[in-house]
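*Asks:* The feature FAD binding site is assigned by Swiss-Prot to Gly22, Ala23, Gly24, Met25, Ala26, Gly27. What Swiss-Prot lists as compositional bias 'Basic residues' is 446-458. As annotated by Swiss-Prot, region 'Disordered' applies to 438-458.
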Amino acid sequence: MAQFRVTKRSMTKDIKPVHVIGAGMAGSEAAWQLAQAGVPVVLHEMRPLVKTDAHHTDGFAELVCSNSFRSDDHELNAVGLLHEEMRRAGSLLMEAAAVARVPAGGALAVDRDNFSNYVTEKLTAHPLVTVERGEIDGLPPADWDNAIIATGPLTSDALGKAIGELTGADELAFFDAIAPIVYRDSIDMSVCWFQSRYDKESAGSTAGAGGAGKDYINCPMTREQYEAFIDALLTGDKTEFKEWEKDTPYFDGCLPIEVMAERGPETLRFGPMKPVGLTNPHAPDVKAYAIVQLRQDNALGTLYNMVGFQTKLKHGEQTRVFRTIPGLEKAEFARLGGLHRNTFINSPKLLDPVMRLAKEPRLRFAGQITGVEGYVESGAMGLLAGRFAAAERLGRLPQTPPRTTALGALLAHITGDADATTFQPMNVNFGLFPPPEVPLDENGKRPRGKAKAPARKRAYTSRALADLEAWLRPRAEAAE
C-alpha cells in the first residue's frame with residue numbers, strides 16, 4: 001500500500017484506503033480527489049492484462065471516441081460551465097486538458113495521447129495512490145468498506161453480471177461510436193479549406209494550422225455529391241451485431257452516421273454536415289449543399305478526425321465511401337471508425353443522493369456507468385464520488401453541490417430527478433437546472449428578442465459559479 005502523508009485531517013491516525021475500480025475519466029478523477037484530500041487510494045485497472053474492444057493503450061483516462069470536450073464557453077454553455085466548475089474544484093482532468101489542448105474553435109479539444117499520459121503520470125507519481133493492474137471479476141470484497149465502481153461503458157462481463165445480480169435491475173445498453181481519423185497531409189487542400197463555423201476563434205491561446213478562426217478543415221459537397229454519398233452510406237456493408245448486442249438503443253449524442261442517414265435524406269445536412277457559417281474561398285460565390293468538417297486530433301496537427309462520422313460500416317466500406325467526399329479522394333486513415341457497447345445502471349432507482357448504492361452503501365458508482373453521457377460529465381461524477389468518499393473517510397458528512405450548479409444539477413438528475421422508468425443517458429444542459437431570475441437590463445426591463453436567450457444563460461452560469469464558490473469554501477477552510 002502507498003505511504004501517505006500525515007495531515008491535519010488525519011493527525012497521526014492511519015486512514016484506510018478507498019478502492020477505486022477503473023482508471024478511466026471518472027475513476028482517475030475520483031482517485032485524484034481522494035488523494036488530494038489526504039485519503040490513500042488503491043486504483044484498480046484491468047488493462048493491459050484484460051483488454052477491451054475500444055481501448056488501444058493501458059493509459060488512464062484514454063479517450064476512445066472524440067477528442068473534444070465540447071464547448072469551453074462557461075458563460076453561455078452548460079458543458080463549458082461544467083469545465084469551469086471542475087477547474088475551480090481542482091480537477092485533474094481539466095488540468096490535463098489545459099496541458100494537452102489543441103485548436104478547436106470555441107471547443108476544448110485535446111491531443112488524446114498527451115492527455116492520457118499526463119493523467120497517468122500524475123496519478124502514478126502521487127504518494128497516496130497505489131495502482132493495481134488486474135480485473136475485479138466480481139463484487140468488491142466485504143473488507144473494502146468504501147469502494148467506487150467507475151468501470152464505464154466497457155465494464156467487464158463478470159463484474160457487470162455481479163452488479164446486475166446485486167441490484168436486481170436490468171442493465172441498459174447502447175453504443176458509442178468512434179469516428180475515423182485522417183492524416184492531414186492526405187487531404188486535398190485545393191478543394192478543402194480551413195475555417196471555423198462563423199469564424200469563431202479558439203477559446204484558449206491556441207490556433208489551428210489555418211490561423212485564428214480556422215480550426216476545422218471543410219470539404220464541400222454539391223447536391224449531387226451529397227445524394228450519392230447518402231446512397232453509399234445506406235447501401236454500404238455494415239458490421240453485423242453480435243447476438244447480445246441486438247435490440248440495443250443508441251444514444252442520440254453519438255449516433256452512427258448511417259443511422260442518422262436512415263432517419264431521412266436531409267438529416268445529415270441539418271446535422272454534422274450543415275453548410276451554414278462557412279464560405280469556400282475557392283468558390284466564394286457558390287454555396288455548398290453540404291459540408292464535411294474535420295477537427296484537429298493531435299497537438300502536432302498531423303491528424304484530423306471526421307466530425308460526427310461515427311460509423312459501423314465495415315472498414316473496407318469506410319475507405320470506399322469516405323473517399324467519395326471531395327478533398328478526401330486520396331485520404332489515408334490513421335484509424336477507421338467503429339462501435340463499442342456502453343452499459344449503465346438505473347441510477348435514479350438505485351443510488352442515494354451521494355451516489356452510493358442504496359442496497360449496499362459501501363459501494364459508490366461514478367462516471368458513465370451511472371447514466372451520464374460524455375467525457376466531461378463522467379469526469380464530473382468521478383470528482384463528486386471522490387469528494388464524497390473522502391469526506392466519509394475523514395469523518396465528515398458528504399455535502400452535495402447546490403442544484404443550481406452544473407455539478408449539482410447533473411448529480412440530482414441521476415440520483416432522483418430523472419424518471420427511473422424511462423431513464424436514459426444525459427449530457428449536462430440548462431434544462432437540468434432550476435430556472436434562474438434573469439436580471440433586468442439597463443433600462444429596468446426584461447431582456448427581449450435576441451437578447452433574451454444569452455441573458456438567461458448568463459443568469460444560469462453566474463448563479464452557478466457564485467453558489468459553487470460557497471460550496472467549495474467550507475472544504476478549503478477545513479484544509480487550512
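Residue numbers in this text run from 1 along the chain shown.
The backbone N, Cα and C atoms fix where each Cβ goes, glycine too.
It should be emphasised that the depicted structure is a prediction, and the values quoted were computed from it without experimental measurement.
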*Asks:* In terms of Cβ proximity under 8 Å, which residues at least six beyond the ends of the compositional bias 'Basic residues' (446-458) contact it?
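*Replies:* Contacts with the compositional bias 'Basic residues' (446-458): 75-77, 430, 436, 438-440.
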*Asks:* DSSP three-state call for Gly22 (FAD binding site): helix, strand or coil?
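*Replies:* The three-state answer is coil.
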*Asks:* Given the FAD site residues Gly22, Ala23, Gly24, Met25, Ala26, Gly27, which other residues of that chain have a Cβ within 8 Å of the mean position of their Cβ atoms, reported in sequence order?
*Replies:* Val20, Ser28, Glu29, Ala30, Phe60, Ala61, Ala150, Thr151, Gly152, Ala366, Gly367, Ser378, Gly382
*Asks:* How many other Cβ atoms are found within 10 Å of the Cβ atom of Gly27 (FAD binding site), counting all protein chains shown?
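*Replies:* Here the count is 31.
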*Asks:* Restricting to the same chain and to sequence separations of six or more, state which residues have a Cβ under 8 Å from that of Gly22 (FAD binding site).
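*Replies:* Long-range Cβ contacts: His44, Glu45, Ile149, Ala150, Thr151, Gly152, Thr155, Gly367.
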*Asks:* For each of the binding-site residues (Ala23, Met25, Ala26), count the other CB atoms lying within 10 A of its CB, then report the residue with the highest count.
*Replies:* Ala26
*Asks:* Mind giving me a neighbour count for Gly24 (FAD binding site)? Other Cβ atoms within 10 Å of its Cβ, every protein chain shown.
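*Replies:* For Gly24 (FAD binding site), the 10 Å Cβ neighbour count is 29.
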